[in-house]
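**Q** From TrEMBL, here are the annotated features:
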type	residues	note
TRANSMEM	66-86	transmembrane segment
TRANSMEM	107-127	transmembrane segment
TRANSMEM	133-155	transmembrane segment
TRANSMEM	176-197	transmembrane segment
TRANSMEM	225-245	transmembrane segment
TRANSMEM	351-371	transmembrane segment
TRANSMEM	377-395	transmembrane segment
TRANSMEM	407-436	transmembrane segment
Amino acid sequence: MENPSENTHQIITSGPRINVLEKVKNNLTFRSKWSELNGAMGDLGTYIPIVLALTLAKNLDLGTTLIFTGIYNFVTGAIYGVPMPVQPMKSIAAVAISDADFNIPEVMASGICTAGILLVLGLTGLMKLVYKLIPISIVRGIQLAQGLSFAMTAVKYIRNVQNFSNSKSGGERHWLGLDGLLLAIICACFIIVVNGAGDDSNNDTNYTDENASGTGNRGKRLRKFIHSLPSAVIIFLLGVILAVIRGPKAVKGFKFGPSPVEVVKISKHAWREGFIKGTIPQLPLSILNSVIAVCKLSTDLFPEKDVSATSVSITVGLMNLLGCWFGAMPCCHGAGGLAGQYKFGGRSGGCVALLGLAKLVLGLVLGSSLVRILDQFPVGVLGVLLLFAGIELAICSRDMNTKEDSFVMLICAAVSLVGSSAALGFLCGIIVYFLLRLRKLGDDQSLSAFCFQGNP
């Protein structure tokens, strides 16, 4: 005879476990198979150029980076249930490419230091406090600046020949060819025809079966078919095919199997240089764009999901404290990647989980030899994907309802773009915000006018 108390104990202990499993399953469930697959391609315009540049310039272990970022993608998709991107830390990457003395040990040291600080900010609750205090107009300014920066970089990729190994642009791109300007323009036009401005409602037509003629029905079916095409997937596959055609010897030189995983040896000099040259400029960008802006954008796009500044800060910290020791590129989340994946149809954690599985398979099967194909990938095609990701992020700043908020946002964005520093733009935005609040003290306003109107 069964003991009732034991059954009760089993139900109580298994309850939370079942709820967690159901939540993970729901987070990874596709909303639409083709749309989610298409959305997974939306962040590659940022990911591939940076990882490729570091692999060519600094001998970054591409295989190990693919394996770890694949795991990051899958885990964050399961946790958050939104297309949370995993992107290289851009400031650290920029220093590594431009500084001949900033090598892999320094890159990993800067990633570990940045991750440690973000983890502490998350565990202590300070990141949540920062998120609540920063005015929404400042967040929108950072998003606008990042979006426009992506768009301008994308136009540079499309118009000019790129040398990722030294992060420099060459001459103007030829009109014709397998990586010509005409190809990029055709890809951009294709995305506009298929995806429009990115609003889901644009794909709906207002015809009814009662008053639609046969011609109208055929036109409606044609439009429905065009709008359902996975544009980013088609363009990425086109890029892969062209890469194979451009460099057929790259395929013959494939070495199957993962790269050997080794612990990176970091000297005291590398720790010091990594912190000064890498962590200090990266930290403001990580806090503002990888945590604050990502959380705000997630709330805008997925109000039913709980994406907190605390949890995002902790996940960024943990994944780099794990992967950087083994030579995986320091990574974070990014509002631009989230906007790009949303633009192309990503609506669930299954979107990035699928991308993570693809990275994991490529890292285990091909390892670092995959760089041979990526080096031949049409850069103009990557520029097109990055262009629409940047525009989608910049569009998020359209909800500023007052001239004052728009003024602060534009000051923040302008300084961030011209000064190439999100931290400088943030500082100027905060000063302008306080000065505008100061003007209201004489209009029968109390000291509460100084209070931040931050995020909920």
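All positions are counted from 1 along the displayed chain.
Cβ coordinates are placed from backbone N, Cα and C, and glycine is handled just like the others.
Values in this document were obtained by computation on a predicted structure and should not be read as measured data.
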**Q** How about the transmembrane segment (225-245) with the transmembrane segment (176-197) - do they touch, taking at least 3 C-beta pairs under 8 Å (6 or more apart in sequence) as contact?
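**A** Yes, the transmembrane segment (225-245) contacts the transmembrane segment (176-197).
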**Q** Are the transmembrane segment (377-395) and the transmembrane segment (66-86) close enough to be called in contact, which here means at least 3 C-beta pairs under 8 A that are separated by 6 or more residues?
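**A** Output no: the transmembrane segment (377-395) is apart from the transmembrane segment (66-86).
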**Q** Using a cut-off of under 8 Å between C-beta atoms, tell me which stretch among 66-86, 176-197, 407-436 contacts the transmembrane segment (351-371) the most.
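**A** When the Cβ pairs under 8 Å are tallied, 66-86 comes out ahead.
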**Q** State the residues, same chain only, that lie 6 or more residues beyond the ends of the transmembrane segment (66-86) and have a CB under 8 A from a CB inside it; answer 'none' if no residue qualifies.
**A** 23-24, 26-28, 39-40, 42-43, 47, 258, 294, 298, 301-302, 305, 307, 311, 315, 319, 322-323, 326, 328-329, 331-334, 336-338, 340-342, 346-353, 355-364, 370
